[in-house]
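Novice: I grabbed these lines from TrEMBL:
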TRANSMEM  6-21  transmembrane segment
TRANSMEM  33-52  transmembrane segment
TRANSMEM  109-132  transmembrane segment
TRANSMEM  152-171  transmembrane segment
TRANSMEM  183-207  transmembrane segment
COILED    230-257  coiled coil
Amino acid sequence: MSGAALGLEIVFVFFLALFLLHRYGDFKKQHRLVIVGTLLAWYLCFLIVFILPLDVSTTIYNRCKYAAANSSPPESSNVTGLHATATPAPSSHPCFKPWSYIPDGIMPIFWRVVYWTSQFLTWILLPFMQSYARSGGFSITGKIKTALIENAIYYGTYLLIFGAFLIYVAVNPHLHLEWNQLQTIGIAAANTWGLFLLVLLLGYGLVEIPRSYWNGAKRGYLLMKTYFKAAKLMTEKADAEETLEDVMEEVRKVNESIKYNHPLRKCVDTILKKCPTEYQEKMGRNMDDYEDFDEKHNTYPSEKSLVKLHKQVIYSVQRHRRTQVQWQILLEQAFYLEDVAKNETSATHQFVHSFQSPEPENRFVQYFYSPTVGRPWLKVKSVKK
């Protein structure tokens, strides 16, 4: 079984990450590089969680084995002047080799590969892909150029801080740093940023999750909180719709000004493909207008302005879709909580839904959470309150 557990978990975690990515993503709409990058990031996160217990059990066994091998009997004592024989060492607990034992030399290489791959994804690949996806360029070269500039500005601030530190070390005669020490400082700085985010998120989660469950037991608290979230989200949703309308108006003007034979018409077509379907139908090109673009002395937008407009379209459409999905989820939650409040005081012995879900429920959920099962749970919950 040496190394077999590690190999099985590596394969299992890979298919687990692939299944979850297929469940929550869409392979047909996403680019292959995005799928590979996301799959690799999820795979490494799950792999650390699953492999860590194997590493701990192997480390405990190695310490026990080395302690037993290095233990020696106590030296003989001749204080009384008599010849004393050496007494054997007291027997310790035997070291049982775990089934998940990993041979020596594998885990250091494994953790180096995981660590540096995670560093590459965190600081280089994923930020670059994010900037590339949000770029308004119309070609691969333009998107790459924009992504490099954005990341250069972002990491330039860190380089300034690091450069100031190097200048301080160079000026101070009492400090002498070598390349290995600089590498250690860089690794420590990267780990410090990750630990800071980890402590911040865990600190919030350790407080917010128990508090949400505690407040969830209060009668009507979740419903009132949902109403408050709905009012707040309604404002954000209206602002997103207004921003989208303004951007679509700019796209309409550009679409009408740039004719079919204009050199920038391909850029306009690319922008139109990013617009929602209803706006694409409204701003369909007038193919019956064959007037040349240079026959009229009109002012046409430049390619740089189209790049900026393309970026605005991407951002406004993503924000509008995000608020629409959040609004739909919040409405379903509010309807369910209202149904709970109504059925608590209802005389019927079944849980009645005001609105049926358009998606078919799972058979397992239908069997174990039927309307007749939901009603007694409400009674028990109301008694506890």
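Counting begins at 1 with the first residue displayed.
Any Cβ shown, glycine's included, is placed from N, Cα and C.
Could you place the listed features in the three-dimensional structure?
Specialist: For the transmembrane segment (33-52), the list of distant contacts is 6, 9-10, 12-14, 16-18, 20-21, 25, 27, 110, 114, 117-118, 121, 125-126, 129, 133: same-chain residues at least six beyond its ends, Cβ to Cβ under 8 Å.
Beyond its flanks by at least six residues, the transmembrane segment (152-171) meets 123, 127, 177, 186, 189 of its own chain at Cβ-Cβ distances under 8 Å.
The average pLDDT computed over the coiled coil (230-257) stands at 92.
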